[in-house]
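*Asks:* A single structure is presented below for examination.
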Amino acid sequence: MLKIAEHEFNSRLFTGTGKFSSAKLMLEAIQASESQLVTMAMKRLDLSTGSDEILLPLQQSGIKLLPNTSGARNAKEAVFAAELAKEVLNTNWIKLEIHPDPKYLMPDPVETLAAAKTLCDKGFVVLPYVHADPVLCRRLEEVGCAAVMPLASPIGSNQGLATETFLKIIIEQARVPVVVDAGIGTPSQATHAMELGADAVLVNTAIASSPDPVAMARCFSQAVATGREAYLAGLGQVSSRAEHTSPLTGFLNE
Amino acid sequence: MHLTKAPLDLKHVSTITVSINDQPYIIAETLSIEGLLLAQNIAINSVAVVCNSQVVTKGQWKEQRCIEGDSFEIFAVVAGG
């Protein structure tokens with residue numbers, strides 16, 4: 001069972017709530033994913049349209065809500081966003097994300113580390129979204145983050161595990177859960193991340209942008225469970241040459 | 001004898017001007033923050049309120065009165081990854 005801070009999760013698939021064509025579809029997909037933690041964002045309310053009608057059904061579902069600081073351009077704004085999220089959702093959990101660059105949404109490591117320290121000192125359970133940088137992940141762990149969330153590839157890109165080499169190092173070194181976040185585009189990529197030993201994966205776009213998000217959510221659920229089981233079972237060694245699996249006795253000639 | 005200048009408000013209710021998310025609103029001067037939210041049909045369980053760059057916690061919404069020139073920012077939870 002996955003444990004982050006003192007909270008236990010049966011499912012190792014976390015999901016985002018963005019980009020779904022309707023709130024109804026989003027809720028159905030999350031249910032199909034069996035996810036027990038979903039991310040949400042904070043935004044200035046548009047008084048003419050009112051708020052999204054997603055909060056109440058999600059709260060009623062009993063799924064843990066993880067607000068993010070998306071939109072924050074620096075540590076100060078991220079800390080402010082976390083305070084707002086705490087006020088609305090009555091949670092001290094925060095997905096810390098600071099990505100001022102609009103084209104690639106690359107997380108700013110300097111601001112993220114500064115914000116993480118401040119938020120941890122204030123008693124938040126901080127899950128920072130970062131580049132797959134093993135050194136940074138260690139530093140975030142040292143300031144008290146409850147998990148680290150290195151990216152597989154750019155947010156929403158569906159490019160898969162572009163950072164695999166570095167994810168392996170992070171997984172090897174981490175003493176807090178590693179949640180591979182961003183860029184996972186297919187269930188097989190989620191399986192692969194779990195086979196590497198990731199503690200969980202976070203998927204949003206790959207589910208939300210599928211023509212059948214509910215079916216895709218189910219596929220990701222199975223994929224993550226399979227990857228975890230394979231990791232626990234232990235993968236075989238990779239060899240550069242063939243290793244025979246049948247006896248080589250040449251019986252036809254003997 | 002000098003007459004006191006009559007209030008501008010025709011309903012004889014003193015009003016103030018505040019801004020909510022950069023838009024000006026004329027409201028009764030006795031309004032609390034909770035009253036302000038309700039008057040705007042804002043679902044009070046799903047928002048956070050910032051007044052003049054300071055977060056106002058839910059516990060303060062009933063007591064804290066709006067004053068002339070207050071700048072409110074209202075934030076809500078939305079879908080996101």
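Using the three backbone atoms N, Cα and C, a Cβ is placed for every residue, glycine included.
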*Asks:* Name the residue, out of A:Gly156, A:Gly234, A:Gly236, that TrEMBL lists for the same 1-deoxy-D-xylulose 5-phosphate site as A:Ala182, A:Gly183, A:Asn204, A:Thr205, please.
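*Replies:* Answer, per TrEMBL (1-deoxy-D-xylulose 5-phosphate site with A:Ala182, A:Gly183, A:Asn204, A:Thr205), from A:Gly156, A:Gly234, A:Gly236: A:Gly156.
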*Asks:* Mean pLDDT over the domain 'Thiazole synthase ThiG' (A:3-247): what is the value?
*Replies:* 94
*Asks:* Taking DSSP three-state, what's A:Asn204 (1-deoxy-D-xylulose 5-phosphate binding site) in: helix, strand or coil?
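*Replies:* For A:Asn204 (1-deoxy-D-xylulose 5-phosphate binding site) - judged by DSSP and reduced to three states - the answer is coil.
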*Asks:* Rank the binding-site residues A:Gly156, A:Gly183 by how many other Cβ atoms lie within 10 Å of each Cβ and give me the one with the fewest.
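*Replies:* Counting other Cβ atoms within 10 Å of each of the binding-site residues A:Gly156, A:Gly183 gives the minimum at A:Gly156.
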*Asks:* For the recorded positions A:Lys95, A:Gly183, A:Asn204, return the ones with C-beta distance to chain B below 8 angstroms, or 'none'.
*Replies:* A:Asn204
*Asks:* Which residues, sitting 6 or more apart from A:Asn204 (1-deoxy-D-xylulose 5-phosphate binding site) on the same chain, put a CB under 8 Å from its CB?
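*Replies:* In sequence order, A:Thr15, A:Gly16, A:Thr17, A:Gly18, A:Lys19, A:Thr39, A:Gly156 meet the Cβ cut-off.
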*Asks:* Would you kindly give the Cα-Cα distance separating A:Gly183 (1-deoxy-D-xylulose 5-phosphate binding site) and A:Lys95 (active site, schiff-base intermediate with DXP), rounded to the nearest Å?
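*Replies:* Per the Cα atoms, A:Lys95 (active site, schiff-base intermediate with DXP) and A:Gly183 (1-deoxy-D-xylulose 5-phosphate binding site) stand 16 Å apart.
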